[in-house]
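S.K.: Not my notes, these are from TrEMBL:
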type	residues	note
COMPBIAS	37-76	compositional bias 'Basic and acidic residues'
COMPBIAS	1515-1524	compositional bias 'Acidic residues'
COMPBIAS	1525-1536	compositional bias 'Basic and acidic residues'
DOMAIN	104-191	domain 'S1 motif'
DOMAIN	207-278	domain 'S1 motif'
DOMAIN	301-366	domain 'S1 motif'
DOMAIN	385-456	domain 'S1 motif'
DOMAIN	473-542	domain 'S1 motif'
DOMAIN	562-631	domain 'S1 motif'
DOMAIN	742-811	domain 'S1 motif'
DOMAIN	1039-1110	domain 'S1 motif'
DOMAIN	1151-1224	domain 'S1 motif'
DOMAIN	1232-1300	domain 'S1 motif'
DOMAIN	1326-1397	domain 'S1 motif'
REGION	26-86	region 'Disordered'
REGION	1421-1453	region 'Disordered'
REGION	1509-1536	region 'Disordered'
Amino acid sequence: MIVGSVSADSESLTISSVARMAAMDKDFPRGGVQRNPTEEKVKRSVDNENLFKMHHDDVKKKQKNKKESIPVEAKKQKTKNSGTLQTNQRIKAQRLSLKELNVGMLLLGCVKEVNDFELVIGLPQGLTGYVSLTNICDAYTKSLREQIDEELSEDLVVLSDLYSPGMVIRCAVYELGKTNSNHHSLKLSINPKDVNKALSPEALQAGMLLSGCVSSVEEHGYLVDIGVKATKAFLSHMKTQEFIKSRNRGMPLRVGQYLTALVESVKNDGRIAQLSICRTDVAAATATEDQKWSLSNLLPGLIIRAEIQKVDSCGLILQFNSGLSGTVDVLHLDPRRARTYRPGQQVKACVLYVQPETKAVHLTLRPAFLHPGAMLQEPSPHGIGKIFEQCTVRSYYKGAGVIFQLDDGTFAYSPKSHLSGTAMSFDPKDFSEGSRHRCRVIDHSPMEQMALVSLRKSILDAQFLKYQDVKLGQLVEGKVTSLESYGMHVKLTDHIQGLVPRTHLSDIPLKHPEKLYSVGNLVKCRVLMVNSETKKLTLTLKNTLVGSKLSVITQYKEAVPKQLAHGYIVSVKPYGCIVCFYGDVRGLVPQHKLSTQPIPFPEKVFYVGQVVKVIVLKCDPTQKKLLLSMKTTQKVGTDADESSMYQTGKIVDVEVLAKVENGLKVSILPQRAPAFLPTVHLSDYVSNCQLLAERLQKGDILSNVMCLSQAHGQIILCRKAAVIAFAKQAQLPKDVLELQVGMQMPGFVKNIMTYGVFVEFPHGLYGLAPKAAMSDKFVTNIEDHFVVGQTVVAKVTNLDEEKKRVLLTLKVSECGSGEEDDESLALLSQYCGELEFVRTLMSSRDSPVAVSLSRLATGQRLQLVVSRVEGDGTIYFTGTQVTKLTVTASRYHQEGVSLSPGQQCTAVVVFVDLLSSIVHVSVRQELLNADVKKLKGISQHPAVVQFVTQDVAVVSLAGTSKLLLVPVTFHLNDTFHFDSEKLFVGQTISVLLHTAGVEHHGIPLAARGRKKHRSVKRERQMSEEEDLTPVVQHALYVGNVVSGTVKSVQPNCLLIKLEGGVTGFVHVSEIDDHVPVGSFPTTKLKVGNVETAKVIGGREVKSHRFLPITHPNFSMTIPVLTLRPSKLSGDCELMFQSEDLADQLKSYKPGQVLTCYVSKYNHTRKCLVVEVTPVISGSVELLLMSQKIKHLKFPKKHFQTGRALTAKVIGPDTMNNCLSLSLTGLCSLDEGSITLGIIKKVTPHLGVTIQLPFGKNGQVGLCDIADSYKESQFEELTPGHIVRCRVISNDEHELAVSLRNSRVYPENESSISDPEITSAKDLQKGQLLRGYVKAVRESGVLVSLSSSVLGRVLFDYVSDHFVKDHGIFMRNIPKGKLVTVKVLSVKGEVELSLLPQDTGAPDVLSKSGLPLKQSKMLSNAEGTVSKTFKRKRRGSESEQISSKKLKTSRKQKNLEEAECGVEVYFHEEDSDTEVQQQPNPRKTQVPRLEVPLSFAWDVSLNTISPVTRKREDISSDSEEDEPEDSKAKVTKKEKELGKWQMEKELTKVEQQLMDPSRHPQSAEDFDRLVLSSPNSSILWTQYMAFHLHATEIEKARTVAERALKTISFREEQEKLNVWVALLNLENLYGTEESLMKVFERAVQYNEPLKVFQQLASIYTKSEKYKQADSLYNTMLKRFRQESTVWLNYATFLLKQGKTDCTSALLQRALKCLPQKEHVDIIAKFAQLEFRLGDTERAKAMFESMLNNYPKRTDLWSVYIDLMVKHGNQDEIRHLFERVIHLKLAPKKMKFFFKRYLEYEKKHGSEERVQDVKEKALKYVESTSLPVDS
């Protein structure tokens, strides 16, 4: 870019100029209190504003050795002058490079590309930067993380939805570095906090133009992040409507969207800003002086008003905003005013960037940047890679680069680094003005609006520059860069690199590739696959493929029968081999086609990667199916192979070999196959056909050419754009049988006869357009309409399949689209494009005439000299720009001007005839005036015709010199015009300008109005649409039997010609009584057949309505007839009844079966439109059209127009006034229904969401996807695919469906590895199953065994490894993991085991590295001890019982120690098995009971453990004492001693019972306690828990009922506690019905709200979130006036992560609660958001409240408390500063000052503490209060 420099004569400014600047500083102070400045201060102020001073202090110091005596006054004078703006300052061109960029530097850029993860930004001087996803804005980054964490991929907002190429944005340099390939990398940020970091709330003013990103969507608008701390910017919905319609495609703004906004107002010292993005407001915004912009905060993109100070060849120097200066590079001048700039001129400019070091401001004057918010257009029409042979140097800038003028008059820029290969070879003398060079386009610079070119030889000789240039099958050369285990990297160019997979390094597998290849080797490869979007290139080095001379198959449609090709095997199966070609085209070689000899085991003969030679047997491109054979020994002729490669419709590139009489001999690339391109097939325009045939030469390349036919071994080509476009969009018909009446397709005139025109189509099809069907006008001479070879669009009107004759119509009214303006503009654009192609060819010729002719364009002004004047008034000119060209001006174009030979004049080019080399000019004064009218988007103007050719006319807007191009014809068939319709020079017509963006060499293209040609509108719509003759009045009535001749046969109707010129209409449903399904009824009748029919109604001509016979206009209708035998012989029934159409639709009952006929397939609605009767139509949605997937993929192929189908009625479709039908037999989705569905969403750990018919969605669980479970079962399930599914349950909200083959195809026998489990009854103890992990929770691992059965694995049964923290399970066992489990119990809950010894599968924590448990060793030791006890006490039953109790107590003790008393189990059966070694049939296993930690019932359960321990002690004591009592007889003394001990024990027991601190140990203990304290709910709940530990659930219920009866009715809270305990009990161990019964009783006897809240809490703690949500909704309806209900529900939602629902809930609460509670409820919601939700939303809620209630100190106090916990220090201090500046009572202010001081003492420094004290003292002084210590 350009940087200012100080010239040597800096002393030229006088002292008066310094004084003037000092005065200006005085009048416009820069801040602070302005005092009388001294001379020194004036000098400093001026010096700071100098932007172009180059600091050469070091140079001046070196010059001091000259010891020149300079007077003091002169020194002062020099000092003063050195700081001011120099009027003679010279501009130095300086290129902005990466070296001059600094992190944080701000630049203006333009979006060039939008990728998935980054934006590509074009910067000034052709630099390119990249903006990552995370550098958009903080809100967008946060939104992305939340969506990724929640796996909401469907709702993910991608960059392409927010940004589009051409957007002008402000960006900041984020990081400067290098890539892995050692290229420079420039990372940018558009985050507002980086772009607007220099702004503060105090600096914000109304009128500023800022950039920001949408941070959140609110109810009345949007919050916009502008990067200014403590400032909330709001954008209302009203200010976004225009932007959404014009720029956002009608979509609302989304988080992360970039906006250029105008600050409308600023409130509260900059804390609140109101924005606007209206186009008019933003476009008119300018940066003014009162906005106080300075060099420190000047933003790119600001529009300023400046004055030109200096004009130089390198650019301009501008001054703006009271002395700030900036430079404008020549690349950024307005091209239209480049030579009109002068000093002192006022201009508008846009800031590009400010260099941080030199503080130089760089500006642009290009009009595209002077309208903020506008989109930039594509800078250059030239594609990347295009080479220009002769580019003229317009100007050379030392140190920067060269500006070239291209052949078409546009400009291009080449940086200095691209002017030569090396710095040594560069010579500036080679780039003198006017010199010519060869260059190549390498990129486009949107900021300079021009192409970037390079002169480097390496780039000029490069085969390709981008991945799009690389073609499949192409031979390329590259250099080996690295050898990896997976393959070899090959570098083709500096920016294109490919990979050779390991299997493609050679024809045979290589064990040591490094022996054959080394880094730096040059290799020749062939391109296998190219993905330009991901920039991935796959190559092959197989010698057979690289050197193959056979055809290259890159698409399925290129594979034709009998074609030979080389491919490589990618898979070997028992049934054959799969061979792959280029572009991943694959085909199957069946087993019997592998060789001439039988090969029973293909895998033993062939291997993956083997190159084979195959022949194509059959190919279906639509299905992508290819059948091959390796039996290539049969003879296949070379000519046949060559011709079969180029089937009709194939698009190829050709090279011109020679010109012949009627066309061109060409060769098809790259195979060089000879072909012929006729002259008439060069273009759709006859005039352009002759032009191209004349201007094309040997060696020219023509692209996008279609193979038309093959005759006598010669390939005939076609270059007609209309035919090629039709071939690309649809499959070309190959036979008359494939044609249908009503089909439209382009063709060309083959022959012209007196009775009509023969039209030829591809594949050799012909049709006749009779003379009457050639035009809407009366035709006398056919040759005046058409010529042989002319392109036309024909419509099939009649078919004779037996004789293979086709009748056509060429009428514009029937073949046109109805959009005449758009159609004519498209044709004109195509015509101009072909002319531009010819100009490009001519510009590269050696002929100076051709080169000069190619440079001229309509509207160009020339300096000419009159050569001669002919007798007819025509003037001929000469000139330097038109050497050897014929330049003429007709008499009309000389009006008002008198010219004589030798006179010089200025003329404007009207038209350039490239064929005859004649340039038509005009010297009319109105065309030479500079009065150019500004054109709007869509407008109509009068225009004067200036020149007319066969295809285009040049017109000028009336009264101006603005030229336009308009088409002469409206359609390809619009070939005949009356004399009154023909255009002539000087005629005034009306033109319609659609858009100013469609131009040809700067001349806009416009459509021509048809208002004057009223004769064209004489056609009758009804007669044309149905090919009827004009309606004749008739006297027919319903029931009349008539006879007539079939006039026209169409798929859905017949037209019969009756007597008297009347034409009747027969619907397809009225042809036969019995119509076979799948038949076409109208094909039975032929044109010319005589048929007997009966009148059943009448059809109105204009509206096509069916009228009753009582209608007065019935005699003017088209008679509707029937041919059905039943109606001809029986009584006639009225087709039209008086009732409404809706009533007729209701007469069809759901489930009714009827016959319908295909009308068309509607792509927009994705439904099949059918006709039932002449009046009733129907629609079939896509998923109800068939049960076969392939039918839905290609609906047009399987549902042809006129085909009869059997359908079942679903019901009336009132919206579309038709019937809703089904072709599959389904009328509703019931359980067991089989249907097709479309995969809508795939969630890996949950399942698949499927779109079903009738607008419903179905959910497929993990266990319902396949009959055999596998880890990666989502590989084949991608969104958009159609699958067959079965409904397994019908819920009102969502259907459960299954994809299992056993369910979907019940008639087939499927191998089921994992059977479907419908309920827990299907399970058996000890059974091994597989399932998917659903979740890991505190209670254990939940495993989904089916969609309805869920099992639990306790942590003790998960792994043999010792796990101290249960979080290890959550980290190591992911959701959706496939596991093998063993069923432990099926009573109650399904209990499972994952232990390896149970399942035989590896341990789920085998890779965790955790130590193993010692449980096995302990169990073995216990087994040994039990055996020893058995030997000693074999006969004692009491010993066995005591042993059993001991073992049971030990197990219970271990479990209680391990699980903190949470879970209690009953192991009686296990103990019996271990001790007695035999099963006990009398004992049954009791299900495990669980009392979780949440089951507290307002009391701790710590009283239970001591009871258990004492019972263990008693059992163990009795076990030890019993054997001693039975050893010998007891004496009398011992008996007395025993009695004494017993009394002592009884006394001890009595004392224990009297002890109040003693814990109860039995039911009797609890009975005594509740007798003494009957109203204590704690005792009753402990009593219930005691029974639960003994697994006595019924007893626990009985205790609860006793408590409810015993507790006094006055003790409401005590009773409520017991009710809560009973609810917990039923929730854990009861059913849903028992729980609801208890709940209903509790509501009757207690306050309902408390009971509801307690049950909701129980549901939440037990993780029954669905029931909790339903209960909360019930509470909101019943207790809507209670704020606690709303708060509890909000807490519940936030804990579930549903933060978005709380906003809607708050709005509902505000509508229901009284007005006085609104502030409190909002404050409490905000507190919940702080604790559980989004802190930013909480801050916004508090800020809104405080703005409305600034004196609510309680809100301030709560806000401060929350910010101290959740905010950062800057925000907290800002909040304290706000509150201490409020006008509150001194007592309240004292409170806040103390809070502020305490905070700073705890978190701040001594300086901050002192600052708070000073502020407090200042407040006290201002209020005149006594100072409190």
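From the backbone N, Cα and C atoms, a Cβ is placed for every residue, glycine too.
Could you place the listed features in the three-dimensional structure?
M.R.: Helix, strand and coil counts from DSSP across the domain 'S1 motif' (207-278) read 10 helix, 34 strand, 28 coil.
Here the domain 'S1 motif' (301-366) has, by DSSP, the following mix of helix, strand and coil residues: 6 helix, 35 strand, 25 coil.
For the domain 'S1 motif' (385-456), the DSSP counts in helix, strand and coil order read 7 helix, 36 strand, 29 coil.
Summarised by DSSP class, the composition of the domain 'S1 motif' (473-542) is 6 helix, 34 strand, 30 coil.
Helix, strand and coil counts from DSSP across the domain 'S1 motif' (562-631) read 10 helix, 35 strand, 25 coil.
Per-residue pLDDT, averaged along the domain 'S1 motif' (742-811), amounts to 88 for this model.
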S.K.: Counting CB pairs under 8 Å, which listed stretch among 207-278, 301-366, 473-542, 1039-1110, 1232-1300 touches the domain 'S1 motif' (742-811) the most?
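M.R.: Looking only at 207-278, 301-366, 473-542, 1039-1110, 1232-1300, the most contacts with the domain 'S1 motif' (742-811) come from 1039-1110.
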S.K.: Using DSSP, what's the helix, strand and coil tally for the domain 'S1 motif' (1039-1110)?
M.R.: 10 helix, 32 strand, 30 coil
S.K.: Looking only at the domain 'S1 motif' (104-191), what are its DSSP counts of helix, strand and coil residues?
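M.R.: So the domain 'S1 motif' (104-191) is made up of 25 helix, 37 strand, 26 coil.
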